[in-house]
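What TrEMBL lists as domain 'Photolyase/cryptochrome alpha/beta' is A:3-131. According to TrEMBL, the FAD binding site annotation covers A:247-251, A:287-294, A:385-387. The feature site 'Electron transfer via tryptophanyl radical' is assigned by TrEMBL to A:Trp318, A:Trp372, A:Trp395.
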Amino acid sequence: MAHVCIHWFRKGLRLHDNPALMAALTDCKELYPVFILDPYLHHTKVGINRQRFLIGALKDLDCSLRKLNSRLFVLRGKPEDVFPKLFNRWNVTKLTYEYDTEPYSLRRDERVASLAKEHGVDVIYKISHTLYNIERIIEENNGKPPLTYKRLQAIVQNLGPPKKPIPAPTLENMRDVKTPRSQKYEDEYRIPTLEELQLDSQFLGEELFPGGEQEALRRLDEHMKRTGWVCSFEKPQTSPNSLSPSTTVLSPYVTFGCLSARTFWWRLTEVYRGRKHSAPPVSLHGQLLWREFFYTCSVGIPNFNKMNDNPVCTKVDWDTNQQNLAAWREARTGFPFIDAIMTQLRQEGWIHHLARHAVACFLTRGDLWISWEEGQKVFEDLLLDGDWALNAGNWQWLSASAFFHQFFRVYSPIAFGKKTDKNGDYIKKYLPLLKKFPPEYIYEPWKAPRSVQQAAGCIVGKDYPHPIVQHEQISKKNIQRMKEAYAKRSSDNNESPIKKQGITGIYISPGLLPPPYKTW
DNA sequence: TGGTCGGTTGTACCA
DNA sequence: TTGGTACAACCGACC
């Protein structure tokens, strides 16, 4: 029997390495490629850069599908409301999609799958967002997520390399498949503009990272040609404040699934072959494994995006301070390095990993003592590569709430940037107000004599804010508060080690701080 | 994937 | 020549 099939795009906005889409084409007479703008995921709070990236990715997908005599159908609403109507309207017999491990997605997909069953629709899903089947990694580690990178590496070593990516469907694959198209459909299911999504595009900057599979593959090709660079890539050696990105900026494409992580992995393997090359955790392969690491944690650890009821997260008495949170979010902390990074984040939707470290440390354990959950929300809205699992994992890491425990390693909002940008050119690019300050004051303009401030045309306290905290003092105090939080954690764990751990494995010796380990 | 401080060592320069 | 000085580079200890 030939099927009428919906392939549901959510992430995985690509044709290459899309096994669920290929499954849709098997015994298929009619194909409906569908994307649903879900108010839970695509609300107006999501940053406009991210929305633009999504719209770009959808346009690109539609364009590629049209080359296969198909198209993309874009709908709006809650998937559980949308699908029953589509099942009836199109007499659907099969639904395919890519497996998604986020808690919201799992609940959503469970509801949709059960609706599909009620309508006599077969459901097929495939794993292609991650390198591995995440549940398989957990199984291999005796049912617990590996809580160190090293452990994850050992597990995946046993599993062997990730599956090879499969090619995109061709016209040959589409020979017996039709996508019904009519003028009525064109209007009804077209891709909305940003204005239609009630977004004001006048605040948009230049589109540095356009969404879409074609751009993703172009960008991948461009970087893979640089064999020497790829082979010697070590993440910690790249600069957080170069004027153009010092890394690939493929992450937004992997996040939306415009680029398959497995395709990226195997392209790197090709480049590495026969050459001396860097290795995980610092290499580019290593970066993909970090993604895998946090995905595995996010699946195996309950309430992974929260402090409370999250068994790996140290409980910290974070302050509530709306003024300071707003100053951080809106790039007016008075520390040019921090404010420049937050400006780049808002304008461009991407900042370097180490820049994320600097601002995350500043918001949490370093200076403002504000919960990492607040930072998580800001990154979620503003980062093009904002990914539920990676965002939660990295915020816990940086705030020394989980995974990373050397809380006395505090980034200086003044000294850190100087290592790779002595002149402060990065600050001048994103905070042009400060561009006339001489290098000796650019990281701490409040120290400049009045005459220098006047000459620079920028008076601290009037044109640019005073620093909202005194870093030297506050960071010392915060280290002490962190020490107390760790001491409390240890004594709580001693009282009921297993119960407090929540997940059954004992991965931190109760009563002891984890040994200083180096993960790269 | 830290920062700071104090101490040591190495080195360039010069009287 | 050589001793003095300044300073950079590095190390370990500590937070």
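Using the three backbone atoms N, Cα and C, a Cβ is placed for every residue, glycine included.
Note that TrEMBL annotation is computational and uncurated.
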Which one of the recorded positions (A:Trp290, A:Phe294, A:Trp318, A:Trp372, A:Trp395) has its C-beta surrounded by the most other C-beta atoms within 10 angstroms?
A:Trp372
In sequence order, what residues of the same chain, 6+ apart, have a Cβ less than 8 Å from the Cβ of A:Glu292 (FAD binding site)?
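Expected: A:Thr130, A:Leu131, A:Tyr132, A:Ile134, A:Ile137, A:Leu152, A:Val156.
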What kind of secondary structure is A:Trp318 (site 'Electron transfer via tryptophanyl radical') part of, going by DSSP in three states?
coil
Taking just the CA atoms, what is the gap between A:Val249 (FAD binding site) and A:Trp395 (site 'Electron transfer via tryptophanyl radical') in Å?
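Taking the Cα atoms only, A:Val249 (FAD binding site) lies 20 Å from A:Trp395 (site 'Electron transfer via tryptophanyl radical').
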DSSP three-state call for A:Val249 (FAD binding site): helix, strand or coil?
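Going by the DSSP assignment, A:Val249 (FAD binding site) belongs to neither helix nor strand, so it counts as coil.
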Rank aside, I only need the closest one: which of the recorded sites A:Trp318, A:Trp372, A:Trp395 has its C-alpha nearest to that of A:Phe294 (FAD binding site)?
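Result: the closest of the recorded sites to A:Phe294 (FAD binding site) is A:Trp395.
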Between A:Trp290 (FAD binding site) and A:Trp372 (site 'Electron transfer via tryptophanyl radical'), what is the CA-CA distance rounded to a whole number of Å?
19
For A:Ser251 (FAD binding site), write down the residues of its own chain that are at least 6 apart in sequence and whose Cβ falls under 8 Å from its Cβ; none is a fine answer.
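Result: A:Trp350, A:Leu384, A:Asp385.
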For the domain 'Photolyase/cryptochrome alpha/beta' (A:3-131), what is the mean per-residue pLDDT, to the nearest integer?
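On average, pLDDT over the domain 'Photolyase/cryptochrome alpha/beta' (A:3-131) sits at 97.
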Any same-chain residues 6+ apart from A:Leu288 (FAD binding site) with CB under 8 Å of its CB? Would you list them in sequence order, or say none?
A:Leu131, A:Ala261, A:Phe264, A:Trp265, A:Leu268
Starting from the Cβ of A:Val249 (FAD binding site), draw a 10 Å sphere and report how many other Cβ atoms land inside it.
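The answer is 19 other Cβ atoms.
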Determine, using Cα-Cα distances only, which of these recorded positions is closest to A:Trp372 (site 'Electron transfer via tryptophanyl radical'): A:Thr247, A:Trp318, A:Gly386, A:Trp395.
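Its closest listed neighbour, by Cα, is A:Trp395.
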